Every structure is written in structure tokens, then in C-alpha cells.
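Take a look at the structure set out below.
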Amino acid sequence: MHELAIAENIVDTVCTRAAGRPVRRVTVRIGALTAVLPDAMRLCWDLAATGTAAHGAALDLDLRPAVVFCRACRTDQRLPDMIPLCPCGSADVTVTTGRELHIVSMEVA
Amino acid sequence: MCFDDRPVVTVTLEERVLARNDDLARANRELLTARGIRAINLMSSPGSGKTTLLERTVRELRRPVAVIEGDQRTPLDADRIRAAGAPVVQVNTGAGCHLDAAMTRRALDDLDPPPGSLLFVENVGNLICPSLFDLGEHARVVIVSVTEGADKPLKYPYMFAVADLVVINKTDLLPYVDFDVDACRRHIAAVNPGATTLTVSATRGEHLPDWYAWLTDGAG
């Protein structure tokens, strides 16, 4: 359950940046290749935020698919799984999205 | 509710969630590199043979070895490493399922591994969570044992995707289990085309010279 540690990291960061003001909403971007489960994040969020300046804050998740650029056929391809392989058969690919794990923004009162 | 009449404002952050861990990990890596210490993050499911491989490595490798042992509870693994002859610090994570850079730093301060040594960080037995947390290591080794099944790299791709080396352990049991080594290698290559793969038996010593050669050349 690493999502609890991730949620605690997010709460720490937003509370520090909010400098004592209550946090109402936090937007987090999660890529499909990061091993962070959206449902588990939502479950851990309230737990991590309880008793902090982010207590009761809404959590918005901006989920990004895994996309690779294939150098063989020069196209962007969305991956159905973790295997970095283009449907054309080439493994000469670069991940363009899917590794994001960012706090995008927060709303403070 | 003194804040109620304040307007709600949106603050753009665009900050990496694990920025703090990554910064601490970078500091750990710089500290270790400055002392000529190479650090290896050893990860696997529970029971794959991490500690057995380390015991043997401590006894046989011709280079000083120091170990940070991560487990949810008990000093049992640290006792085994100490008995094998290496300085060791046990980190018990309690409810935690992985080590992070801050825990590693505290353990490093306690352990104070000798300059020029090889430092192993034996992570908590878990094929998911530890893959996300940089500890400040120079290389990541994932162990999979033949009793676990050849499809583990496909079932737990995040872990195998971050490995520099995958060690297939317990090859002495191959006659007794249905494990296709070639299929396992193919699955590892599918999720991580850049990973090196070795097959060993830590209990019998089969192919351990390959492991020691990798530690000297690949990781050292």
C-alpha cells in the first residue's frame, strides 16, 4: 500500500505550500506506468489529510495513459499494458506519457 | 472560521509527488559515491532467497560488504548477515511496505559503511511498492525464484521494469517445479529490454561466479 506514503507526501507538500491556509482541492496527475492505483489513492487521501490543513480537501486525479513514440514507424501508440512494444512489432520506442506523478495544483481558501 | 470570507484561489504547483524522496536519494547517492561505495537495491517477493544470496556473497566476494536489512518486523535477517561476517543495520518498517530514501539515510548514518565497500540494501519483500522509491542506489537487482512461476515479470511489470539485473534463483529446484527459464527470460525482456539476466542457485552455489562478476563489472 505505497499509496498511503504517496498521499502523505502530497499532503505534506500542499500544506507546506499553503502556509497555514486551508486547502480545498488538490489535483494530481498520475500516469498509467507509475504503479499508483487511483482507487487506492482515493482511499488513502482522507486518511492522510485528516488533522492537517488539507482536512476535507477534494482530490482530483488527472489520469494519463501510457503512450510511446515508435522510431520504426514514427507514430505515437497507446500501450494496453506495461510492455514497451509498438503494434508494428518494434521495441525501439520511447515513453512519452505515463510516467507522470505530479501535484498539478491546489485550491486554497 | 476566519478563512471563510477569503476567496478560493488556485495555486499551480507542478511539483513531482516524490520530489522530497528523490532529493534525499540523490544526496545519499552523492555521499556514497564520494566515499567510493557502490550501493545495490535488492528487491523481490518474500522468500525468493535475498538473504541467502547475501550471506553467501558476504562470505565469498573479495570486497568488503555492508548491508542494510529492511523488513516489516524482527532482526532475524540482520542476525544472519552479521553471522556471515558483514556489518549490518536492520530497519523495521512496521506497517510500511517499502524502504524510502530517508530511512536509508538514517540506516547509513548508523552503519557508516567503510570506504570502497559494496553496500546492499535488502528491501522489504514486496514486488510492487519498492519499485517507486529511489533510495540512492547505483543499481537495482530484482530476484525471482523458480518456485514463484515464470510469469512473474508479466504479473509484476513495474518491479521488473526498473531492474538493471534480474537474478533467477533456486535453479537447483528446476527438476521439481514447472518453471520455463527461457519463457521467464522472454517475459523479463518484454517489460525491460535493457535488463541483464542471470540464473543461480544461492544455496548450492551454481553460477555464483556470474553474480560476482556482475557485481565487480556491472555494478562495481
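In case you wondered, yes, glycine gets a Cβ from its N, Cα and C as well.
Feature annotation from TrEMBL assigns Ni(2+) binding site to A:His2. Annotated Zn(2+) binding site per TrEMBL: A:Cys70, A:Cys73, A:Cys86, A:Cys88, in sequence order.
Locations of recorded TrEMBL features on the structure.
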residue : record              : Cβ within 10 Å
A:His2  : Ni(2+) binding site : 22
A:Cys70 : Zn(2+) binding site : 20
A:Cys73 : Zn(2+) binding site : 14
A:Cys86 : Zn(2+) binding site : 19
A:Cys88 : Zn(2+) binding site : 13
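Of A:His2, A:Cys70, A:Cys73, A:Cys86, A:Cys88, listed as binding-site residues, those near chain B by the criterion of a Cβ under 8 Å from one of its Cβ atoms are A:His2.
For the pair formed by A:Cys73 (Zn(2+) binding site) and A:His2 (Ni(2+) binding site), distance between Cα atoms is given as 37 Å, rounded to the nearest Å.
DSSP assigns A:Cys70 (Zn(2+) binding site) to a strand in the three-state reduction. Sitting within 8 Å of the Cβ centre of A:Cys70, A:Cys73, A:Cys86, A:Cys88, and not among those site residues for Zn(2+), are the Cβ atoms of A:Arg71, A:Ala72, A:Arg74, A:Thr75, A:Gln77, A:Pro87, A:Gly89, A:Ser90, A:Val93. Across the structure, A:Cys70 (Zn(2+) binding site) and A:His2 (Ni(2+) binding site) are spaced 31 Å apart at their Cα atoms. A gap of 35 Å separates the Cα atoms of A:Cys88 (Zn(2+) binding site) and the residue listed as 'Ni(2+) binding site'.
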